[in-house]
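Straight from Swiss-Prot, the features:
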BINDING   GLY14, ALA15, THR16, ALA17, THR18, GLY19, LYS20, SER21  ATP binding site
BINDING   THR16, ALA17, THR18, GLY19, LYS20, SER21  substrate binding site
REGION    39-42  region 'Interaction with substrate tRNA'
SITE      THR103  site 'Interaction with substrate tRNA'
Amino acid sequence: MTTSSLPILIVICGATATGKSSLALQLAEKFNSVILSADSRQIYREFNIGTAKPSLEECQRIPHYLIDICDPQDNFTLAQYQEQAEDLINNLHYSPLFLVGGTGLYIKSIVKGLKIPRVSPQADLRRQLQALGQSYLYQILTQVDEEAAKKIHPHDQVRTLRALEVFYLTGKPISSQQGENPPTYPILQIGLDCSPESLGKRITVRTDQMIARGLVAEVQNLGDKYGWDLPLLQTLGYAEIKQYLLGEISLEQAIDLIILHTRQFAKRQRTWFRADADIIWFPVDKENLLESVEREIILFLEGLSRPDIKTHHPD
């Protein structure tokens, strides 16, 4: 396969509320392309407002892929995401393609070519493990796979369960089954960043907008339809409104908690992405941000056509 026939991938990443989706939409229009989502909650149908899912109008402007691909009660693994994303990257006839989102592991699975254990979720095993409680599960993980435990937060039940699930079904630690096999096609990673103060203001505005758009009604409908124990209703934005709807806290308290938890989440995202030296960063408050990023992409594409310039390839 020649370089000219390879797909070209432009990644737009960064913390939540930095304007990734808006910028990507404008860039996709300028380059006559499409957008692949890298968001672990936008894959679920009916979870719209709280996940800041692209609107119908935005999807009509530019085709979006990897959103609304499974039902709220479905288990969707990183391996499934990687498989579907790679299939799209290799078969969509657009150049470049835009991969956009804030789920670092989704992006890393593509950019670094993570080797992921192909172990299907086992509902019965997960129920048995969950009954033991997250604290005890994490203790078990530290004993059977210390390397994985170092990379998983003690309160991250989803990844803890997955690591233990792989261990019990294969007899091998998940950390020993992981590795990297970077793709051969060219990749440019663009990161959006801003100061904590500016990001805090953006998060407050974004939260207020979600409430105004009907987040409370969305959560109520989801709880009524799927039950309040639905795992997705324990995630950011939904968990806090759920507490309000169940009479545990006031709406004002719920909004304050969403803002607080989103800021904490954004800080973790920023730390994750900052660890990748291949990302080229742009401040979101920069004048002419769109033009600056567009120019960076054009220079990258021009470089690919020149044999004297080395094609970008993840380490």
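Here the Cβ of each residue, glycine as well, is placed from N, Cα and C on the backbone.
The residues near the ATP site, meaning same-chain residues not in GLY14, ALA15, THR16, ALA17, THR18, GLY19, LYS20, SER21 whose C-beta sits within 8 angstroms of the mean position of the site's C-beta atoms, are GLY102, LEU192, ARG202, VAL284, in sequence order. Note on the region 'Interaction with substrate tRNA' (39-42): DSSP counts are 0 helix, 0 strand, 4 coil. By neighbour count, meaning other C-beta atoms within 10 Å, the densest spot among the recorded positions THR16, THR18, THR103 is THR18. Same-chain neighbours of the substrate site beyond THR16, ALA17, THR18, GLY19, LYS20, SER21, judged by a C-beta within 8 angstroms of the site's C-beta center, are, in sequence order, GLY14, ALA15, SER22, ALA52, GLY102, LEU192, ARG202, VAL284. In this structure, GLY14 (ATP binding site) is part of a beta strand by DSSP. Within 10 Å of the C-beta atom of LYS20 (ATP binding site) sit 25 other C-beta atoms, taking all shown protein chains into account.
Counting in whole angstrom, SER21 (ATP binding site) lies 13 from THR103 (site 'Interaction with substrate tRNA') by their C-alpha atoms. All protein chains shown were included, and the count of other CB atoms within 10 Å of the CB of GLY14 (ATP binding site) stands at 27. Listed in sequence order, LEU192, ARG202, VAL284 are the same-chain residues six or more apart from GLY19 (ATP binding site) with CB atoms under 8 A from its CB.
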